[in-house]
């Protein structure tokens, strides 16, 4: 076994993203008041698939490791110990061993041991008797054979093959360690963790309250006495509440670009940032039935896109163009600009692209006198609906008449799963900026989230190859190659990667908004208030 | 009278049974259930997990069985469990009732205490500048959607006072306590007040032209006595009808107002429960609202007899 990383040293090399937020000696006390955008379905992070759960409940827990909270870009280099003191890969890179902290207690006073680690991951892998009601990230652990323990303070992940990305998956806000002695049902309503804040109450549609954990194992933390989330689904009311000082902070990455202008106008001292959220807006094409079983029509569709128009209309220019992986500088795995622009449809000359698209449409039997009529299905939510309307407008340029088909949220994924759509507009969020999470979930043959049923065995081999590659530079090149191929195959044309705003009052210190994921930065243990 | 009351009570029961069937069936006709929504967030549907969850929640049972289970529970005071919070539905609903009741009562009070006197004033001074001004106010009240008015109030308070009256479960001062209810009550009650004002005005105008009013004036009764003792007493009947109907319609306005002012009452809870297809919450809340509406109508009918001696039921 060889030690791979001296973590503390690496962490020192990383610069905090917002010096303004971390200046001065932290003051103790105060309740951080944040509005929450909606009422989460439960308090159990493992059973949820929305950051509406992570934001209020991540402070209740700890992971084995986590992304350093004051570094905006999540990467392997920014991973620091949490419940683990250290970790090491075996020489064949098939075993990842964690030495665990001793003396850590759950909020109910019971001791934390390696059994809790095993319990958590056995449940996530579907190997334990107790089951989660939902287990949306089971596939993250497909390469884990078994979690073993050696005494009370050592746990190991035995892998089927090397998978360097596992460490990043374990560092996500989506991967807290749960207590063995608390049932999944209780964790949905009264979560027990080891984290800097203890759960106090969750009143659906009203509020979520957390209080300081005085026995937190990280000495001197947290600085705050507590955090209160007031649930305000109405955006206008929420923003007015922030402006009037009722809240210290907006819900993270929830302020749209136009609203941000209002905030800055009414609260000029507020600190506001606009960052990528690693959520792509993309087109899902049902290639199993006409007319999009014809690759020419799919290619024409990809060529018709004017991505800059989407971005300027919806984000006043503040969003990014890229492939599957989040574009640079936020994203770690983005294709170089020249490579991206060499992909059909990504070139700067939109007219030339559309001319080529029209030729492909004519080849398929359509033209000025014979338009193709399709329904563009999407969820009845503005972030889905608005780009769908622009897409319909752009498709007119290549003889496609689109009709908007808005689908109730409850019906959206069942409809997509049934393949009961021709063309759809979808949003895909990535919890971790790592190709393993994105490629396997969205493009591998048979994956539940591979809505288009895209299946390319050659690419699948490349997925595995990059996943097992321990040399980061080599892996990056493989990822670029895969991403390029996915776009050329029109597997799921990516329109843009969104950016969103977050604001807080200047007295709130220690807030860092992550730039390549909106799921991992809410431990709030080092947040404090200068008042 | 007794026979009439018994007949009305029987009719109320039939109405409530009908409503329970309609709401139960309609909820299940709407596409998607809680399980679909839970999986929606996950971005995919796992058929095995879905089937397990449907079984756990009893959604796999035939619809008539689900209905009988619900009604059976209801008769025993068991409202079931919220699918979302996994807490007893009663525990979720009960604390929200006083919040909405306070808001609704204040809104109705505002509506009556503003609408009736202004309606009388407008009628008594028909054709005057005051009448025109009050008619503009009442038309505005009918035209302004309560959510828009609510937002305007919030924006104005932020810009004028630097604070806003959104809900706080533990108000620090009595003025704050009053503001968190009174301001939304005004927002939602403005429309009702406008309607009450118009109905009062037209009803008063009709009464003021009656012979007995002329007689009252001829025998030397003061204007105040004519307007309030003789005219208003007889003009109030349609106003009470309108207030009764408004009480039933208020729930619609409260949904929006509770959302805008972020008040965790029954109305907003109902919308959220509908969004999540939280059947036990929606069914029981709709039944509660139905009971309130039916009882309000019944009370208004009884009030008729108390106010107007000419009305006799069951004769």
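Cβ coordinates come from backbone N, Cα and C, glycine included.
Taking TrEMBL as the reference, the stretch among B:136-158, B:205-227 described by the feature transmembrane segment is residues B:136-158.
Recorded stretches compared: B:9-30, B:103-124, B:235-261; the one with the most Cβ pairs under 8 Å to the transmembrane segment (B:136-158) is B:235-261. In this chain, the transmembrane segment (B:103-124) lies apart from the transmembrane segment (B:281-307): fewer than three C-beta pairs between them fall below 8 angstroms, excluding pairs fewer than 6 positions apart. If you look at the transmembrane segment (B:281-307), the same-chain residues 6 or more away from its ends with a CB under 8 A from one of its CBs are 1, 8-9, 12, 15-16, 19-20, 23-24, 27, 70, 74, 79-80, 82-84, 89-90, 92-93, 97, 233, 236-237, 240-241, 243-244, 247-248, 251, 266, 269-270, 273-274, 313.
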